[in-house]
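Structure, as structure tokens:
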Amino acid sequence: MGLVVVGASGRMGRSLIRAIDGIEGVHLAAAVERTGSDAIGRDAAELAGLPSSGVLVTDDALAAFAHAEGVVDFTAPEASLEFADLAAQARIVHVLGTTGMSSDCDARIKAAARHARIVKSGNMSLGVNLLSVLVRQAARALGPDWDIEVLEMHHKHKVDAPSGTALLLGQAAADGRGVDLEDASVRVRDGITGAREEGSIGFATLRGGSVVGEHSVLFAAEGEMVELRHEALDRSIFARGAVKAALWARHQKPGLYSMHDVLGLTASV
Ligand SMILES: NC(=O)C1=CN([C@@H]2O[C@H](COP(=O)(O)OP(=O)(O)OC[C@H]3O[C@@H](n4cnc5c(N)ncnc54)[C@H](O)[C@@H]3O)[C@@H](O)[C@H]2O)C=CC1
Ligand SMILES: O=C(O)C1=N[C@H](C(=O)O)C[C@H](O)C1
């Protein structure tokens, strides 16, 4: 399966190029960066620390998509919307890992998925997706007198908050409780906030250094606390998940899929 990596010189772009190189059944068909990037014209594999491949980074996404079967996209929300349209036109699989998408963006991705196979997730790792199943089960079992807080820490370059993973885990907790996350979530606390509102789902964001990604979901009650936690030690876990998603989506009908679909983690698990 020929895959295009968009955002090829980014942290995830380089990790994806290395993952594609090491996985049977896929090859790097093209590598795309934004117009004006220093990476344009450079060998994509060399950028990722591999021996040269002859695939030069381009800013012509349309031409790149024409000769591929899938695109893996960890870029930025506006760019991902554009790539969703181009992938739908080219009838290729779109694996979308970009976070920080607004509800408007999500609606446009849903519309594009009427004609395209899109796998979208705030976290492509097996560990976090399994964790989300456990969070949903815990939230259902523990009930509303257990306070739920989602805590995350990432590297200092991350531009969106809360992380896509924190929102995914918050959604799992809300699903387990049978509440609407929009109504229940408290994303920021500052000043005299008053006591914690019963049933709310809180978020706390930490940024610093080179942390790849740490997430905890805390369930706190009178006299006891349960913590469910995931730590990403290397970006290759997301890259390998994204490639797995592309290979899986190749055989699916048009639609918007999640990593739960790819990994077979259905609602009943
Ligand atoms: N879903 C998941 O499992 C994961 C999601 N992410 C998300 O992926 C995104 C990227 O993360 P990083 O790689 O750390 O960021 P980064 O800033 O290192 O890389 C983003 C790359 O996209 C490129 N880009 C931006 N607009 C573009 C355009 N129009 N055309 C082509 N390239 C364009 C940038 O030049 C940059 O090289 C973020 O939203 C992050 O939260 C990151 C890791 C895992
Ligand atoms: O920006 C990152 O780095 C990451 N982003 C994703 C998120 O927003 O949750 C996934 C991972 O935690 C790394």
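Cβ atoms here come from the backbone N, Cα and C positions, even for glycine.
As the structure is a computational prediction, the values presented were derived from the model and not from experiment.
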Co-listed NAD(+)-binding residue [TrEMBL; alongside Gly7, Ala8, Ser9, Gly10, Arg11, Met12, Gly97, Thr98, Thr99, Ser121, Gly122, Asn123, Met124] among Glu33, Glu69, Glu149, Glu152:
Glu33
By a simple count of other Cβ atoms within 10 Å, which of Gly7, Gly164, the binding-site residues in the record, is least packed?
Gly164
By a simple count, how many Cβ atoms lie within 10 Å of the Cβ of His154 (active site, proton donor/acceptor), its own Cβ left out?
25
Sequence gap of 6 or more, C-beta under 8 Å: which same-chain residues meet both conditions with respect to Asn123 (NAD(+) binding site)?
Asn129, Gly164, Thr165, Leu168, Gly213, Phe238, Met259
Among the recorded positions Ser9, Arg11, His154, His155, Thr165, name every one whose Cβ is found under 6 angstroms from ligand 1, counting any of its atoms.
Ser9, Arg11
